[in-house]
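The feature ATP binding site is assigned by TrEMBL to Gln107, Lys123, Thr222, Leu223, Trp224, Leu225, Glu294, Asp309. As annotated by TrEMBL, Mn(2+) binding site applies to Asp142, Asp309. Marked as domain 'FAM20 C-terminal' by TrEMBL: 188-397. What TrEMBL records for Asp289 is active site.
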Amino acid sequence: MKLKQRVVLLAILLVIFIFTKVFLIDNLDTSAANREDQRAFQRMLSGLRVALDPRLEHTMQSPWEIAAQWVVPREVYPEDTPELGAVMHAMTTKKIIKADVGYKGTQLKALLILEGGQKVVFKPKRYARDYIVEGEPYAGYDRHNAEVAAFHLDRILGFRRAPLVVGRFVNLRTEIKPVATEQLLGTFMTVGNNTCFYGKCYYCRETEPACADGDIMEGSVTLWLPDVWPLQKHRHPWGRTYREGKLARWEYDESYCDAVKKTSPYDSGPRLLDIIDTAIFDYLIGNADRHHYESFQDDEGASMLILLDNAKSFGNPALDERSILAPLYQCCIIRVSTWNRLNYLKNGVLKSALKTAMLHDPISPVLSTPHLDALDQRLLSILATVKQCTDQFGPDVVLVEDRMTLSHL
């Protein structure tokens, strides 16, 4: 064999070797990632039940100190949380030492300080579990039980980007009024035999108070994020105009995602994929009110999109507002880990998992059966949407590998 032929043959063999090696390594990496996703899913299922237990083992720290140490740029709480039940027990039982109005936002809430100095946001019950909110998908009062359900869905999806939420019953006469500020106390009234308050907010009205059953009010408490992690507010690129007859650009421009991809912080880093994760989360819970979102301050797009304020959810189980999924079907990308998790939750697993996760909450049952059934149906719509994308662009384009290291040092 001539030298030139030998060189050509060696070159061909070298190319085949490199291609085979790269192909095998890629397959092994993908397989390893998928196996890790399966293991993470099984760990989530095994830890779904959160018994509210006051015991904190192997630590002298308070539940508030533990929860504060959990927070890092990419998650609010870690995957492995043996102390979660103790923290949530403290949220629902610790003595209220101060109560004030919750100024920010459009909806009624109260800011409570619990024993040990921990802030929580209290949202009162406004609707019965089977009440259906008619009208626009963002209509109606906040739903306190939606906050509870959304937190547990965040756990199930493996995002871990929602602050801790748990249901709580408070006695307005004995627990709130004695420690209330003058501003909050001035909004209290009696309607029939029930103690009520209307607070201070954009839509708070004396004519529309939240009323307890006698003195006992059901609500949700959301754990305030540590002050060492200041928040930065952003306008959601797929936000609505909230004006009749006026559409946002994304509602008529099918190439809108291309423009978003050219603007910071969506042109690099994880933020656009966070937006798409959030669209999936919001579609499942029926939340069409994500006009703004928060991240940690000065993060340059690296921190997570924090899933705050999920109370405009679970209003109408019969309404599937497809426009919530616009970031997904316009950008046609999704994290591989998110895609895997959604597939693991098919065939009724999602509904069953959420029921199990909420079983021990003080205000259980948190959701009515129609809302639980709607989750499984909406999941199928999400999977079908991703399939349409992969059919059009191919899985290599649509399914994005974006696993980020989460440090708890």
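Glycine residues also receive a Cβ, built from the backbone N, Cα and C atoms like all the rest.
In TrEMBL, annotation is done automatically, which means it is predicted and not curated.
On a predicted model such as this, the values are computed, not experimentally measured, just so you know.
Note on the recorded positions Asp142, Asp289, Glu294, Asp309: the fewest other CB atoms within 10 A surround the CB of Glu294. It is Gln107, among the binding-site residues Gln107, Thr222, whose Cβ has the fewest other Cβ atoms within 10 Å in the structure shown. Taking every protein chain shown into account, Leu223, Leu225 are the binding-site residues, and of these the Cβ with the most other Cβ atoms within 10 Å belongs to Leu223. Spatially close to Lys123 (ATP binding site) yet at least six residues away along the chain are Gln107, Leu108, Lys109, Asp142, His144, Glu147, Gly219, Ser220, Thr222, Ala311, judged by Cβ distances under 8 angstroms. The Cβ of Trp224 (ATP binding site) lies under 8 Å from the Cβ of Gln118, Lys119, Val120, Val121, Pro163, each on the same chain and at least six residues away in sequence. A separation of roughly 9 Å, to the nearest angstrom, links the Cα atoms of Asp309 (ATP binding site) and Asp289 (active site). Predicted-model confidence for the domain 'FAM20 C-terminal' (188-397) is 96, expressed as mean pLDDT.
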